[in-house]
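For reference, the structure is listed below as structure tokens.
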Amino acid sequence: MGSQEVLGHAARLASSGLLLQVLFRLITFVLNAFILRFLSKEIVGVVNVRLTLLYSTTLFLAREAFRRACLSGGTQRDWSQTLNLLWLTVPLGVFWSLFLGWIWLQLLEVPDPNVVPHYATGVVLFGLSAVVELLGEPFWVLAQAHMFVKLKVIAESLSVILKSVLTAFLVLWLPHWGLYIFSLAQLFYTTVLVLCYVIYFTKLLGSPESTKLQTLPVSRITDLLPNITRNGAFINWKEAKLTWSFFKQSFLKQILTEGERYVMTFLNVLNFGDQGVYDIVNNLGSLVARLIFQPIEESFYIFFAKVLERGKDATLQKQEDVAVAAAVLESLLKLALLAGLTITVFGFAYSQLALDIYGGTMLSSGSGPVLLRSYCLYVLLLAINGVTECFTFAAMSKEEVDRYNFVMLALSSSFLVLSYLLTRWCGSVGFILANCFNMGIRITQSLCFIHRYYRRSPHRPLAGLHLSPVLLGTFALSGGVTAVSEVFLCCEQGWPARLAHIAVGAFCLGATLGTAFLTETKLIHFLRTQLGVPRRTDKMT
């Protein structure tokens, strides 16, 4: 497969399923906005930070390493032993949920029962929901290994929507239930998620005419249950040792992913109300990153990994592939920079309005607007880092990856310390500032690698980080106009003034996008020829 074909495949992969995800996200966005108007920020903080951290930590400790080990090395293996190994996640999950549940109940600060009722029940049910989700782990890994991509999207999206609907119903009709509401909804979510996989494989394996059965290593649903293999070995010990190696390495990822919640939970730098507001703003701010930047990053990592030879100098590779990779990297950097700048510039003037529409005065009257404005800057760094790291990780040699992991280890430690110090100094904004510092270091590392990689070639993909002076001036003018508009029109003067503020923003956004269309012709050509390629209708795979 040539580099242009790989590029076309990566572009289609980046857009496949995106519409479905946007639809599901939009539904849950509306439901969550409705739910927030009936809750206190203390309950939101306990659920979204404290209890969700218990759930995610249990799942991480019980399954993360198993997933990475069992998805390594392709599909050619003794799947009976692999499935047996995956079933060990269930007793591990029981152990970790009991151990962590004891810590959550006995060692951490317990919320005021008058403000957040039924905390102990919430801890028990969130731990139980993690164990229930682990019951579907063998099905999930089998689906991932055989590229049943849309099954994952539909199962997770359906589960989230039904969870949000149940939560909204209980909050509206039984608000006095407190944490019972979210605990039951979480348990319902994991049950539906597991049932989606079980029902799908039951129907698939019960249909002999299905073409997918030819690629699956099992023929009956009972083959997915634990059993002794033909050679008498219950598990593959090589996979088991690999699992242990991944378990040790995965702590770095967990610290970077959930570091803020660990600092909040164990160091008590914020009260439960501030934790709730921070988590809502964090989820709202990261929505664009999850919907747009993450699919692009994942898909074009595959492109770079297939086109370039890992650890080999650019001058020693096929020059056509190197040129295509450089052109794509330049366009992706430009796209990330433009998207990030747009969010940053317009986010400053519309953060308070967005939070007021989404969650009412609970979000828009306190620290929420400052948090979201700060997060808009962080989104710009997230966008650039996603592109630079997807190239860097695809082109680095194993030794370079090991050195990079060492830097990441130092960054994770500094992030925790910096988060603690900055939150003591400036409150919850300190978490975002610490993330910006962390992301800035990672971007610098990746940019240095890209510069060295193309140093002896005629290609300069980092030119994608340069914008025309006219476009930069348009961004600056738009930022100034919308800032003035916010002062005079938002957000205490009623909906006519708000609509006028929105109209000003729409005009400025149109002018900015029009200027970008006229000045960034190379990027427009890339978007038209690659991301705009017509696609066949995909079947569920």
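The first residue you see is number 1, and the count goes up from there.
Glycine too: its Cβ is placed from the backbone N, Cα and C atoms.
Keep in mind that what you see is a predicted model, and the values were worked out from it rather than measured.
Here's what Swiss-Prot has on this protein:
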- 16-36: transmembrane segment (TRANSMEM)
- 42-62: transmembrane segment (TRANSMEM)
- 85-105: transmembrane segment (TRANSMEM)
- 123-143: transmembrane segment (TRANSMEM)
- 155-174: transmembrane segment (TRANSMEM)
- 187-207: transmembrane segment (TRANSMEM)
- 335-355: transmembrane segment (TRANSMEM)
- 376-396: transmembrane segment (TRANSMEM)
- 404-423: transmembrane segment (TRANSMEM)
- 428-450: transmembrane segment (TRANSMEM)
- 470-490: transmembrane segment (TRANSMEM)
- 499-519: transmembrane segment (TRANSMEM)
Taking residues 6+ outside the transmembrane segment (335-355), which of them lie with a CB under 8 Å of any CB in it?
281, 284, 288, 292-293, 296, 363-364, 368-369, 372-373, 375-377, 379-384, 386-387, 464-465, 467, 475, 478-479, 482-483, 485-486, 490-491, 498, 501-502, 505, 508-509, 512-513, 516, 520, 523, 526-527
Do the transmembrane segment (187-207) and the transmembrane segment (123-143) share at least 3 Cβ pairs under 8 Å, sequence separation 6 or more?
yes
Out of 42-62, 428-450, 470-490, what stretch is closest in contact terms to the transmembrane segment (123-143), meaning most Cβ pairs under 8 angstroms?
42-62
Same-chain residue ranges lying at least 6 outside the transmembrane segment (404-423) that approach it to Cβ under 8 Å:
249, 252, 255-256, 259-260, 262-263, 267, 269-270, 392, 396, 429-431, 433-435, 437-438, 441-442, 445
